[in-house]
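Asker: This structure is in structure tokens; I'll ask about it shortly.
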């Protein structure tokens, strides 16, 4: 399972929000590029960037920080936040971003999601952010009547590369992922699902391994990395590729004596 560090950008700085509340932001670094490099050094294979200003504005805002991070690291970078038209998506992909994450337009303009998935195959991911099973939009400032699982099925049919599922009530809270909701969603679709929100410990990450057969292929970790509750290199060793439970024991010659 892929462990993906999150870097949330607000005013060019690396922050974390509590349950998506912009009034409850905590600055973790003035230099997001250094943060990105740190996660790469600890073994990250992918970075997850969220343009929080962009999510509110409905268009990319932290472009200079995003471009600087993409240039500074040699691993794929995925970006979400405020991507609501083709030009914004193309702009980020032209900067060297590997995958873009669409949220609001998945609810408001599914036809555009289909067009983008066809134009940029493998590079369009849909972020489904849910409050009590219903999809939130516009930087989590609004909640729709659309059910998360229903939207996930529609998006899978449209050809998206993956779905990121965030439980808003758990995001930034360190209360653990919503395992039942993740299982329901992953079982309902045939595209990879990435879990996001609430991871607080290695135990939480290990609990997600049970969902791998259902199609949960990755997990985004934010606050727990910044507070030190989760050590990235340890997490990758525990649940990532080549994790200890996948490695056969070294029997040694004595086993055959």
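For all residues, glycine too, the Cβ spot is worked out from N, Cα and C.
From Swiss-Prot, here are the annotated features:
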{"type": "ACT_SITE", "residues": "8", "note": "active site, proton acceptor"}
{"type": "ACT_SITE", "residues": "129", "note": "active site, proton donor"}
Asker: Taking just the CA atoms, what is the gap between residue 129 (active site, proton donor) and residue 8 (active site, proton acceptor) in Å?
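Answerer: It is 15 Å, counting Cα to Cα.
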Asker: Counting only residues 6+ apart in the same chain, whose Cβ is under 8 Å from the Cβ of residue 8 (active site, proton acceptor)?
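Answerer: Listed in sequence order: 14, 15, 16, 17, 49, 50, 52, 222.
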